Amino acid sequence: MKNEKIVVLYGGDSPEREVSLKSGKAVLDSLISQGYDAVGVDASGKELVAKLLELKPDKCFVALHGEDGENGRVSALLEMLEIKHTSSSMKSSVITMDKMISKEILMHHRMPTPMAKFLTDKLVAEDEISFPVAVKPSSGGSSIATFKVKSIQELKHAYEEASKYGEVMIEQWVTGKEITVAIVNDEVYSSVWIEPQNEFYDYESKYSGKSIYHSPSGLCEQKELEVRQLAKKAYDLLGCSGHARVDFIYDDRGNFYIMEINSSPGMTDNSLSPKSAAAEGVDFDSFVKRIIEQAQ
């Protein structure tokens, strides 16, 4: 309902602050242009509770990325204040923020996902790793401090960099096409195929504007149905709600591997969720409207 007061939460203090500011501005501009009573609130600092109590919004569009928006704290706060919001619940956000926990749940349910474990000083010192592997922070997004590692020397450097962001995981490297699917509750959108600027879809590839996106992805009808079903099952298994995105690798044998679930996807010009929706004929404004009107 357009007479509801909406707060767009963006910014914050995570390493993904700049991306979040861009997402928040795009969403806020869209809502205002559609006639919504919307204001933006930078979640940086310690005044968020006071701001929300002052504004008394009916709904919050969560455009925070990284720990600020995806570790469950904001969801818990909004639920405590009885404010409907566009992201997953506190419990689900905690799970999806931690890639290892998410992976363990998916593997328990026999969902296809690459093998992984925590990377430790002891493991780095061992010489029994089969390269290449992926090394990344267990928590975090935008592929910050994510590396394709091909040797023990590279492993040491990757571990040192990734450990700046918390616990580190080492994951089986899967070669193939990078595919993603956006979901808003029961609406599963078209898959998008990403041709990254670099060897894989790292931070630079995501935000340089030089990667190539195919939306729709060009999968055959059977494979498109399969990847959408896998995306929705993963979304449900991890208890997601609202707007989320599921990322895959599609290998040359026709297998999909779930890489991660993002509970607060980007909404910038280069972001994947709007491209997924656009492939279904849903433009950016309509997509924003669908997300906010389904806030829970």
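Each residue's number is its place along the chain shown, starting with 1.
Keep in mind that glycine also has a Cβ here, set from the backbone N, Cα and C atoms.
As recorded in Swiss-Prot, the features of this protein are as follows:
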| type | residues | note |
| --- | --- | --- |
| DOMAIN | 103-293 | domain 'ATP-grasp' |
| BINDING | 129-180 | ATP binding site |
| BINDING | D247, E260 | Mg(2+) 1 binding site |
| BINDING | E260, N262 | Mg(2+) 2 binding site |
Just how many other Cβ atoms lie inside 10 Å of the Cβ on D247 (Mg(2+) 1 binding site)? 21
When you tally the Cβ atoms that lie within 10 Å of each candidate's Cβ, which of the binding-site residues (K136, H157, K164) has the highest tally? K136
What mean pLDDT does the predicted model reach across the domain 'ATP-grasp' (103-293)? 89
Please report the Cα separation of H157 (ATP binding site) and E260 (Mg(2+) 1 binding site) in Å, rounded to an integer. 23
Run through the Cβ atoms and count how many others sit within 10 Å of the one on E260 (Mg(2+) 1 binding site). 19
If you count the C-beta atoms lying within 10 Å of each candidate's C-beta, which of the binding-site residues I129, K150, E171, E178 ends up with the smallest number? K150
So how many other Cβ atoms are close to N262 (Mg(2+) 2 binding site), meaning within 10 Å of its Cβ? 23
If one measures from the C-alpha of E260 (Mg(2+) 1 binding site) to the C-alpha of K150 (ATP binding site), what distance in angstrom results, rounded to a whole number? 22
